[in-house]
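Listed features, source Swiss-Prot:
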type: BINDING; residues: 49, 50, 51, 52, 53, 54, 55, 56, 57, 72; note: ATP binding site
type: COMPBIAS; residues: 1-16; note: compositional bias 'Basic and acidic residues'
type: COMPBIAS; residues: 19-35; note: compositional bias 'Low complexity'
type: COMPBIAS; residues: 348-370; note: compositional bias 'Basic and acidic residues'
type: COMPBIAS; residues: 395-417; note: compositional bias 'Polar residues'
type: DOMAIN; residues: 43-313; note: domain 'Protein kinase'
type: MOD_RES; residues: 1; note: N-acetylmethionine
type: MOD_RES; residues: 414; note: phosphoserine
type: REGION; residues: 1-35; note: region 'Disordered'
type: REGION; residues: 342-375; note: region 'Disordered'
type: REGION; residues: 392-417; note: region 'Disordered'
């Protein structure tokens, strides 16, 4: 099998967005007299399109508007309930470009349910579709957007702590935001500004590993408390993953998961930035050097980082036209495959984004203005609660409930702790959370 695919053990399905009335309801819903499962007054529950430790993801439909939505169902008796926390974080984020809309949260029979906007494929799915390499133009269009996306999250006093390609989705094909890169899954997010004191959280060590090992920062491997710098470093690792097709620390074997994560961290530290970014524009190395030198408390200069890539983009003569590498390819969706027509890219959106780029270029490199908090729109509900819910220096905290994805072929995620020596060969550093079922690959078979 092709080497590019060797280290890719992923499973799980997922993601979401809906339409209709927004709300947080305590009114119980469930099966109607016709036997149709309903969430709230107007969302009909359909087929299963994803699963994980949180429960299930279902395709839904707003019966008032006939628009498709995604519905996350979590058993009320869940050992580690987290759906209400995710809802609260979405509310805290409010309205912003590339932030999924949440339309409803409340009980549904024996489940808690959250209705979200239905989105398109994840960057990991699109990476597969493009033979596991993105062009420089596509990576730069992604990077420019995701720096802004992370700046917005940070402006809401949250750090994300879960960077991975599966957590960044394009809009649903045919939607006006179809080419916008969205950020999803705030199950590992945390408030870095104490809501009581309004001060930055203190620097601490001996913390549990939180996030996805393939992309997490070097300081996270060292057990240091995460802050804004770590989100940006993880993004840098993901950008190089897209350009290279793989990272030097993928596919490492060990007798235990703890040893494997130690090896990943050791290899990251031992890989010079110049080697990691060899044969690619110097701006990629400059980005990583900058974010790795940030102080724990320091506010990153997002404008400087964006300008690095927008200037490179201009020098290459690229147009920010949303002509990604996957344009023209057939995109899978939970409601049928869709041909991605280049003509669907909105000229108006392209002009708007170019205007934003020009605006960014005109700002000085040392400008450190925060994202305008006035963008929040009260009718867009999103949310999650900031809480460092997972302890233990040997635990790698993964999406939604702090457990590891060991490429479970049935549920997509596993409850195995990091200390468990079983299935090391099929353990993946990533946690899949795209909105539709992905083809499962077993690392054991690939490494034979």
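Cβ atoms are placed via backbone N, Cα and C, with glycine included.
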Among 49, 51, 57, the one of these binding-site residues whose Cβ has the fewest neighbouring Cβ atoms within 10 Å: 51
Local confidence of the prediction over the domain 'Protein kinase' (43-313), expressed as mean pLDDT: 95
Around the Cβ of residue 55 (ATP binding site), the count of other Cβ atoms that are within 10 Å: 21
